[in-house]
Amino acid sequence: MAAACWCRCRGSDYRTWNMSIDEVPSNNTAGSCSSGVGPFTVQGPDGNLGAEEAGRASSLTLNYRKKLRAPICVKLTVFICLAVMVASGVPELVLWKKVHQQLVGQIEHRLMVLSTLRQEQLQDYLLSEADKTQLIAIRIVISNYLNNVSTGNKTLAKLDLQMAISVISDFMNAAVYDSKGHLVLETEENVFQPRIEEASINTVVQEIPNLQYPVETSNGWMYTLSRGIHKGQKLIGQLMVSVNATKLVSLVYDRTGLQETGELLVGIPDGPDKIRLLLPAMQKPNVIVLPYKGAMAKAINGESGILKERNYRGARVIAAYRPAGFLHWGLLAQMEIKEAYASVWSVRLVILVTFSALLFVGALASLGLAKAFTSPIIELGKAAFALGQGDMRTRVKKGSSCFHDEFSNLKDAFNGMAHRIASHQYILEHEVSERTSDLAHAHDGLAREVEERKRIELELEKAKDIAMAADRSKSEFLANMSHEIRTPLNAIINFTELCLDTQITQEQQEHLEYVQFAAQHLLRLITDILDFNKIAAGKLEMEEIQFSLYEQLEQSLSVLAARAWKSGLELCCDIHADVPDQLLGDPGRLLQIFVNLVGNGIKFTKKGEVIVSVTVNSKSADDVELLFAVKDSGLGIPQTKQSLLFQAFSQVDSSTQRLYGGTGLGLAISSKLAAAMGGRMWVESEGVEGLGSTFSFTGRFKLFPSNSSMNFLMFKGVRALVVDDNSTGLRILTDLLKSWNIIADGVMTTEAAKSALELGESSGHKYNVVLLDMWLGGVEALDLVEYIRARPDLLQKYASDAEVNTLYPVEPDSDLALPSAHCLSQQCSSKSTPDRLRYGPNLKVEIYTKDNVSSAIIMLTSVNHMESSRCKELGLPFHTSKPIRRSLLNRVLRSALGFEDKMSHDEGKTSKESKKLNKRLHVLIAEDNPVNQRVAIKLLHKWGHTTVLAVDGAEAVERSAKEEFDIILMDVTFKRAYNGRQ
């Protein structure tokens, strides 16, 4: 323990010496300075004190501080903690009881509502199927044939049964048995048994059909419905129908509202002690039989309610049970208790955490209150001790003037005493010494600062060199790694494509498609990283080649059409008529921007459409500035987050990356590419889901003289009806046809299309072709197709002007005017046209019949190949996929209107040129990578070419000297050197 000693030395100077009490001589009350500067005295409040008394005073000060703090802190802490526990614990306990009761009630109510809803859906489905069988069972032709099998017309009855089954989508096959159990009619052979027990026929109830348990077959889930066929009150036979159980399975296995562990069970009594499940349990498919007890037994007995029990897996569940409303079936909706009551336990945890937090805050408050009382006393004790040690600058801090109390008065008195002790001479000497020390420190600091700046300059120069070297190393590393990664990725993609062209199963094809998709996605990520690195290094190069803007846009949409179809989205491309087609620029980079923007639109849009539009922003004699826009109806982007979109490695929300994936580089790269094209990119969004976002960018391209191969004059006078339930797609397609000189009208529903066709017939302006979307309002457009087939006179075959002149030759000097092709297609009846031309014997304009009217219908399908097969099944020869490709639509229109013969001469020229291009080539492959060797050989052999392999440059030179090749495919570098060079 130290004491403060004031040493009076020569020159009446006062210095402070700190020394231990143990160092003070015990036999000398005054002592002497150990440094030899002279005698000293230890001064106390009443004069001179010995070292022993000074040490005792310091010890008392420290002991006083320790004893003062502990009791007050402990007492206040315990008191406030108890008050907090009582004040917060009782309300939180009451709150927990009420919240627990309310949440449990909500959970049970939700399960009951869910079970009621599912019971109604199941009952509606079963009764609907029963009504369908009743409609077939009461058909007069079938009943008359069963009433007199020997003399009845079996062919007519079978045809009637087949027609009845064909109009019901869920019914696959049907058979009719007579009252003896013999098979008399069937829609497809070898599907049903030739005979059934007569006793089973007598058990069939007229009002309710018998339903056999669903069975999973190669064609999906199926079950059989049986219903009696009556003539009056007499049972004359039995109808047996094979039904597709897909809707029933999706209804029972629908887990909406049941979270992860919930499921729906439908039970049927199977004896006195067993319950047979209608469909296997979702959580454990091998379970199809349950014991006759618990909630399911209560549901079968006609009861409904909530029950907690253990399910077939031994897990505790909460179950809502009720009768299924069909025969004596029972319905059970159950969830595991630990998942169902998760919200209850979360509330309990929140209450416990809140209680702990309040208790902790109370403890902190008690400590703070204790400190408020003890800190002034402790501070005064420390200041007194510091003064005793010789620190004359020690002062006690004053509190706020708003809270002036007894402690403040004590502090003021103490500070006044300390101020009077410090003499003017001491203050002066202290200031001189401090200034001298400051000057010395300033000089030393200035010297150190100069040396530090020199050192920093050297380090900056070294860091600059290191950074440049690191940048070069990074670029080389990225280039090498890109090459090393692309090589196996290209092998994976190409070999997967080769495998897909072989005879494989559907499951293998699906797996290989997933492998191909993952490899292509990884390849895109590598490309994004390399592009970003090139942009950051300022090494991005833009090509300037001729390309077709229309084909480039349609190609980018075709790449993403499958993704849009799987997401249930409409993908449209709206190119204004004044936008030029042939341009000079970089089509690859433009495709990269569109694939990124359209891909983002599809990714973040749950329903609706993604529209790509192109307009002219400005145009001169040599170049044009185009405005591109990609609009979606997706999530939307808040305005506060839009500034982050075009920054690298940033996304609107961190959860977006976890949910949708992505690196955050796509928009940053696209923005830089747009700038490289002489434009800019921006986004417009209100941040509201459903209104979506619009990404726009501009680009400047040079114009190229256009030599379009499409001849739109041949379509002059053609009348077309477009039927599409999407208003945007309808508008775009109608405007496109009008730009081709086609008179086009658009409707959105089947009824509106029928009205338009009838109006065209009655007004003499019949349509020549119908462009029909395959799905209208979510329903297949088969009704309209059958309507047109039933009334082929609603459409008129198109006849061109050349065909009219052939049919009606007129002398050169004749003043009789021939009707135009447009007039013939509209069946003009103008009085100015002579009857010889309008009704003469040469007038042989072809009309459609039921057999060939399907050729006037062009079906608009999605990219799903199943829809193309469906068109073939419906007997529709012409179809094209959406989004519409102009060249393909042009060819399909020409075929539907009968222009094939007119184009045969041009196509003959094209075929000759294509034969030249399809010549078999003899190819030399110079490649040292085994994987690339295998890929190149396989692909070239697949395309019909012959190959020769060289594993390095020397062998390539040798082989090219020995034999002649049409083309040489050579790697850039080889592992083995040729003449000392790579």
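Sequential numbering from 1, following the chain as shown.
Using N, Cα and C of the backbone, Cβ positions are placed for all residues, glycine too.
TrEMBL entries are annotated by machine, without manual review.
Taken from TrEMBL, the feature domain 'HAMP' covers 371-426. Residue counts for the domain 'HAMP' (371-426) under DSSP, helix first, then strand, then coil, are 41 helix, 0 strand, 15 coil.
Mean predicted confidence for the domain 'Histidine kinase' (480-703): the pLDDT average there is 79. What TrEMBL records for 480-703 is domain 'Histidine kinase'.
Taken from TrEMBL, the feature domain 'Response regulatory' applies to 719-897 (among others).
Under the heading domain 'Response regulatory', TrEMBL lists 922-982 (among others).
Residues annotated as 4-aspartylphosphate in TrEMBL: D773 (among others). For D773 (4-aspartylphosphate), the same-chain residues lying six or more positions away in sequence with a CB closer than 8 A to its CB are V723, D724, D725, N726, G729, A781, L860, K882.
As annotated by TrEMBL, 4-aspartylphosphate applies to D971 (among others). Within 10 Å of the C-beta of D971 (4-aspartylphosphate) we count 17 further C-beta atoms, all protein chains included.
Summarising the annotation, TrEMBL assigns transmembrane segment to 345-370.
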